[in-house]
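Quick notes on the structure that follows.
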Amino acid sequence: MNSKIFAVLLLLALLSCVLSDQYCPKSSITACKKMNIRNDCCKDDDCTGGSWCCATPCGNFCKYPTDRPGGRRAAGGKSCKTGYVY
């Protein structure tokens, strides 16, 4: 009996992990002029309200995660600066 309960709980835990995958949304923009590239964030801590720092061709922006893959999170790092990137 205990092993059946354990198996059900384990299955529920695995399903919740699989179903909770979150991604940065895919950008609809494929290119951006260099003078328009701007970073609003460099890491997730720069964003508020549960949004993530996501990379786009026009810079890094805070976006709410989605369940569809395609976008990418900003790499951040010491060289990342907020504001316009020239």
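The backbone N, Cα and C atoms fix where each Cβ goes, glycine too.
Close to Cys54 (disulfide bond) in the fold, though at least 6 residues off in sequence, lie Cys24, Pro25, Ser27, Asn60, Phe61, Cys62, Lys63, Gly71, Arg72, Arg73, Ala74, each with a CB less than 8 Å from its CB. The disulfide bond feature in Swiss-Prot is assigned to Cys24-Cys54 (among others).
As annotated by Swiss-Prot, disulfide bond applies to Cys32-Cys58 (among others), with the evidence given as similarity to another entry. Sequence-distant contacts of Cys58 (disulfide bond), defined as residues of its own chain at least six apart whose C-beta falls under 8 angstroms from its C-beta, comprise Ser27, Ile29, Cys32, Asn36, Ile37, Arg38. For the recorded site, Cys58 (disulfide bond), the DSSP three-state label reads coil.
Using a 10 Å radius centred on the Cβ of Cys41 (disulfide bond) and all shown protein chains, the other Cβ atoms total 23. The feature disulfide bond is assigned by Swiss-Prot to Cys41-Cys53 (among others).
For Cys42 (disulfide bond), other Cβ atoms within 10 Å of its Cβ number 19. Under the three-state DSSP scheme, Cys42 (disulfide bond) falls in the coil class. Swiss-Prot lists Cys42-Cys80 (among others) with the feature disulfide bond.
Among the features that Swiss-Prot reports, disulfide bond is placed at Cys47-Cys62 (among others), with the record citing similarity to another entry. Around Cys47 (disulfide bond), the C-beta neighbours below 8 angstroms that are at least 6 residues distant in the chain are Cys41, Cys53, Cys62.
Annotation comment: Swiss-Prot describes 21-66 as domain 'WAP'.
For 1-20, the entry in Swiss-Prot reads signal peptide.
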In all the protein chains shown, the tally of other Cβ atoms within 10 Å of the Cβ of Cys32 (disulfide bond) is 14
Once the chains shown are all counted, how many other Cβ atoms turn up within 10 Å of the Cβ of Cys24 (disulfide bond)? 24
So for Cys80 (disulfide bond), how many other CB atoms are inside 10 Å of its CB? 16
